[in-house]
Amino acid sequence: MTKNAPTASVITRLSPAKINLFLHITGKRADGYHNLQTVFRLLDWGDYLHFSVANKPMATIDSAVDNSAVDINSLCGQLLTLDGAEAITSSIEDNLIFKAARTLLAAAIDSSKLPEHLPKVLVTLDKHLPMGAGLGGGSSNAATTLLVLNEIWQLNFNQETLIKIGAKIGADVPIFIFGQDAIATGIGEQLTAIDLPDQQYLVLTPNAHVNTAKLFAHPKLPRDITLLSIETIKNQYDNYVQTLIAPYHNVFTPVVTSLAPAVDEGLRYLQGLEKIALGTARMTGSGSTVFLPLDASVTDDKLLLSKWIEEAPCTAYVVRSL
């Protein structure tokens, strides 16, 4: 290595998946978005993001120029390089990792927190989660990017502010910044921590995708589920953690299974295992992933779990809650 060559340090972070233990739509807002109520659970399974931080050269912000005059897209393009085929969309501006960096820089400018010197960062995405599967993969990537760049660029935004920044990128981004199991309301940005028992899940990822906008517009989608109190949800966790008992359910399941046969097949497969697993199979988000909570009596039976994975109608995994 040349004596004066720039070196880089690497930060590697898990960008975890999430599942919804139940998912209700409680109404439609004036802005067209829907209010939701759900319990998010984070998993020890996900993508990995590697942030290579160059010690030099750095991008320099002209302190004589009003921050409001800074071209955010141009600055973000100077500071951030994406690597990994899955990280690159047809337009880099549409990539959620790039959007996260751009939104973070804009917030730094608005709050006069933009440093004069910023290190350049190469972000490498090691993709494991399927896209559009209800696991929050892209949102998790965006949240991980916000958290790590906030650290690298020494912007010193607190968690509450980062959650507000994340909500501008997507409704599922805040839970990954929150970083723990939570009851969510609003569009998913109003979060209350909840302590849940450790669990393992048999997760199936059918090769199916139903357009989210089409689902929200579907005439048979329930949009007026009664909003439950936070205290009720905390006290009734036995009704949705291992098994799923009314009123807890996923409003999208009947619609998605009617439109996507592969999801219906995966869910029926898991339902056939319920009596042994002692759990209720269900779908996460608006699909297409389905999962089955596993009772402790089966989690140590590796031969049985291997058999279930092998016989599944699509790709299957056994994963654990974070």
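Heads up, the Cβ atoms here are built off N, Cα and C, so glycines get one too.
Pulled from Swiss-Prot:
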- K18: active site (ACT_SITE)
- P130, M131, G132, A133, G134, L135, G136, G137, G138, S139, S140: ATP binding site (BINDING)
- D172: active site (ACT_SITE)
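Across the structure, G134 (ATP binding site) and D172 (active site) are spaced 10 Å apart at their Cα atoms. Among the recorded positions P130, G132, G136, G138, D172, the residue whose Cα lies closest in space to that of K18 (active site) is G136.
Put simply, D172 (active site) is 12 Å from G132 (ATP binding site) when counted between their Cα atoms. A Cβ within 8 Å of the Cβ centre of P130, M131, G132, A133, G134, L135, G136, G137, G138, S139, S140, the residues given for ATP, is found for these other residues of the same chain: A17, L129, G285. Taking the Cα atom of each, G136 (ATP binding site) and D172 (active site) are about 7 angstrom apart. Between the CA atoms of D172 (active site) and S140 (ATP binding site) there is a gap of 8 Å. For G132 (ATP binding site), the Cβ neighbour count at a 10 Å cut-off comes to 17, with all displayed protein chains included. Residue with the densest Cβ environment among the binding-site residues P130, G134: G134, by other Cβ atoms within 10 Å.
Of the binding-site residues G136, G138, G136 has the largest number of other Cβ atoms within 10 Å of its own Cβ.
Within the same chain, residues at least six positions away from S140 (ATP binding site) with a Cβ under 8 Å of its Cβ are S15, P16, A17, K18, G46, D47, L129, D172, F176. Classification of G138 (ATP binding site) by DSSP places it within a helix.
Annotation note: K18 (active site) sits in a strand segment as assigned by DSSP.
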